[in-house]
């Protein structure tokens, strides 16, 4: 059961104060409610059924939910910007008779009746007033306890706020200290990194200078070596170009004579017995001159030939030998004697 008490103003009775008590069950006034009106001396009581509530809503062409909402705001005085007015008939009310309480909604200088209820006089108004006072006291005590709890909660929240504020200040101070410490460490690390970068740059510069000096020295050494090599080549090319000693020529001639075929085996070789010897001598003469380790000193006043002239001479000699070699190959193929002579001639030439 829900109970609400409020003071109502009756324009027809300005000198009297009326109090209205509403009792209902359920979530709202849609299921019916009971009214008790008193001025402190007399009391009137009445009931409103659920059907009456729906009938009033249909008469006003309003939805039931909207009508119940307006009705509850008018009778229980919930906070709203809309004004409600009450009227009591007959006026002044008869203590021993019935009265009609009507309630209207006033909005923008326009009022329309929400409903009315017939109230009967209570035989013992003192008891009704006592119940009203008891309910008011209980409601006051309940509100006082609730207010006390709210004050305690407010105090607790205030203490919590102070604690949180203190913690925040401490955290803010710690944050500033930590930032200062981190900044100092960062400065130290940054300076170390800068010093390391500078040292690395100096090392790179020194390495570049060292590599440049070493490359220049290597180039100078290469130039000196190339000059020495050129001098040695000039010394080698400036050696003697005389014929081989007679002992070597006689030994080569005897070796070639042992490998030559007899006149019966090769008529061509019998007609040209000195051709292999001539070819062998021509091949061995420049080889001997080039491979001699200790060439004889040139006579006084003799000029060395130029390197280009020596290269031309060597090229001419090689071309001559190749021509002789190809000539003998052709002859041997024609005479079908290459099995015994071709190998010897090739070995002697090489």
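From the backbone N, Cα and C atoms, a Cβ is placed for every residue, glycine too.
What TrEMBL records for 140-210 is coiled coil.
The compositional bias 'Low complexity' annotation in TrEMBL covers 250-263.
Per-residue pLDDT, averaged across the domain 'XRCC4 N-terminal' (17-120), gives 84. Annotated domain 'XRCC4 N-terminal' per TrEMBL: 17-120, in sequence order.
What TrEMBL lists as region 'Disordered' is 211-283.
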Just to be sure I understand, if DSSP states are collapsed into helix, strand and coil, how many residues of the domain 'XRCC4 N-terminal' (17-120) fall in each? 26 helix, 46 strand, 32 coil
